[in-house]
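Report on one structure; see the data block that follows.
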Amino acid sequence: MGLMWGLFSVIIASAAQLSMGFAASHLPPMTHLWDFIAALLAFGLDARILLLGLLGYLLSVFCWYKTLHKLALSKAYALLSMSYVLVWIASMVLPGWEGTFSLKALLGVACIMSGLMLIFLPTTKQRY
């Protein structure tokens, strides 16, 4: 059950990260504070997507809390690295994100996935 909550947390956090990235690229920069505040107060699509991203992070924290009640921290924490993989793939697949493929990034993703598999391999008890 802890693994399920952990996966929910990762998926929701990845979606929240994508939402925040979209909003950040469409809202005025925070260096133009009054323009940024005006855009938030207008509550247009970009501001709503920003709010959804923030709410997604909040929901992800709830799922993470449930994860830590059921799964060892050493395993749970490793799950968070899957978010990097999901966001990288989504940035290449979703229109308008302009994510680029590179062999170096693919190698990094392969390392992350290999590490996760090693961490989650069932342990066998050794007899001495």
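Cβ atoms here come from the backbone N, Cα and C positions, even for glycine.
Membrane topology of Y57 relative to T124, as recorded in Swiss-Prot: same side. Look at the topological domain 'Periplasmic' (24-35): DSSP puts its residues at 6 helix, 0 strand, 6 coil. Computed over the topological domain 'Periplasmic' (24-35), the whole-number mean pLDDT of the model equals 95. Counting same-chain residues at least six beyond the ends of the topological domain 'Cytoplasmic' (57-76), those with a Cβ under 8 angstroms from any Cβ of the stretch are 1-3, 5-6, 8-10, 12-13, 16, 119-120.
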